[in-house]
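**Q** Straight from Swiss-Prot, here's the annotation block:
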- 33-53: transmembrane segment (TRANSMEM)
- 77-98: transmembrane segment (TRANSMEM)
- H83, H182: heme b b562 binding site (BINDING)
- H97, H196: heme b b566 binding site (BINDING)
- 113-133: transmembrane segment (TRANSMEM)
- 178-198: transmembrane segment (TRANSMEM)
- H201: ubiquinone binding site (BINDING)
- 226-246: transmembrane segment (TRANSMEM)
- 288-308: transmembrane segment (TRANSMEM)
- 320-340: transmembrane segment (TRANSMEM)
- 347-367: transmembrane segment (TRANSMEM)
Amino acid sequence: MTNIRKSHPLLKIINNSLIDLPTPPNISSLWNFGSLLGACLTIQIITGLFLAMHYTADTTTAFSSVAHICRDVNYGWTIRYLHANGASMFFLCLFIHVGRGLYYGSFTLLETWNVGIILLFSVMATAFMGYVLPWGQMSFWGATVITNLLSAIPYVGTDLVEWIWGGFSVSKATLTRFFALHFILPFIISALVMIHLLFLHETGSNNPLGMPSNSDKIPFHPYYTTKDFLGLLLLTLLLMTMALFYPDLLGDPDNYTPANPLNTPPHIKPEWYFLFAYAILRSIPNKLGGVMALILSILILMVIPFLQPNKQQTMMFRPLSQFLFWILVADLLTLTWIGGQPVEEPFINIGQMASMLYFSLMVFIMPTTCLIENKMLKW
């Protein structure tokens, strides 16, 4: 008799995705981050749901409702800090996941890669709207500054901004719609995750060698379920340590001051995971140019499959590309640091150089190096 997990219509899908899935035998811990992102999304949806039960999306009571959650709701402070730091863990896993895709050439799986970039944009939009909800100073001014960037779009910009605001400034209408969108987007993200996995399972996973492993695959369970569980354990440990011992380590003190439209904070800056893009935005003196650079800093990932003419899929045996990859990582860390600094010398200069290096590496230096390495293969 056939096992029920192989014959039942619903269990069969789960079985083919999580149990009997043929997996390369040599994938490293860097392949754990996909499942960790799934865990992060689950944590965010559950904690977010409990927060939404007590939160009120109204400019007069939003800040107080967050204080009420932290003071009066049973373990409300834990849920709030798990949600806030869970977002940081989410982005940490996301950046490593994308970095692994770049290093090991996973961008050759075009459909999976492109859905992944759409997912990255969706998660960034969700996180931005979530940051506005506590209605502190940085929430209000962050929302004002970032939404106001759309006014740089020629002809329709101003109308578009007022349409998003629901008025002539960031107000109750803005907060209400941001809450509604922040609530619905994680479920849209969940659907996109299913599509991401559907495309991935069409082709199968890549591996560190970049070699076809069809003749040598092993079942996902028990090998990789055990391996993923260890990753989940470490992620939980890190998240709980952050939420319970250092809950405000990555937050902004300004957000403990209620939003005041008449008082601008000295340094408006987003959360740490947006700082690299914010630094690129600020490094261009023109408003429209800055907005375009900001969008292109992420959108450039979509053209990477067409910019990499490499004969070997992964960087495993390409030392020049490896060196450039780590320069790119250092450059992104520099941009993250610059994004949190005030707009003055020498930070302006460093930011401009780091932004130029970022785009040069992606568009010109790395593809040229690939061509050189292709030539070296013939020597």
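Every residue, even glycine, has its Cβ placed from backbone N, Cα and C.
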**Q** With pairs closer than 6 in sequence left out, are the transmembrane segment (347-367) and the transmembrane segment (226-246) joined by 3 or more CB pairs under 8 Å?
**A** no
**Q** Top stretch among 77-98, 288-308, 347-367 for CB pairs under 8 A with the transmembrane segment (320-340)?
**A** 347-367
**Q** Which number gives the other C-beta atoms within 10 angstroms of the C-beta of H182 (heme b b562 binding site), all protein chains shown included?
**A** 21
**Q** Using a threshold of three or more Cβ pairs below 8 Å, and leaving out pairs closer than 6 in sequence, do the transmembrane segment (178-198) and the transmembrane segment (33-53) count as in contact?
**A** yes
**Q** Work out how many Å separate H97 (heme b b566 binding site) and the residue listed as 'ubiquinone binding site' at their Cα atoms, rounded off.
**A** 17
**Q** Could you tell me what the rest of the chain brings near the transmembrane segment (178-198), counting residues at least six beyond its ends with Cβ under 8 Å?
**A** 17, 38, 41, 44-45, 48, 52, 55, 57, 112, 115-116, 118-119, 122-123, 125-126, 129-130, 132-133, 143
**Q** Output, ordered by sequence, the same-chain residues six or more apart from H196 (heme b b566 binding site) with a CB under 8 Å from its CB, or 'none'.
**A** T112, V115, G116, L119
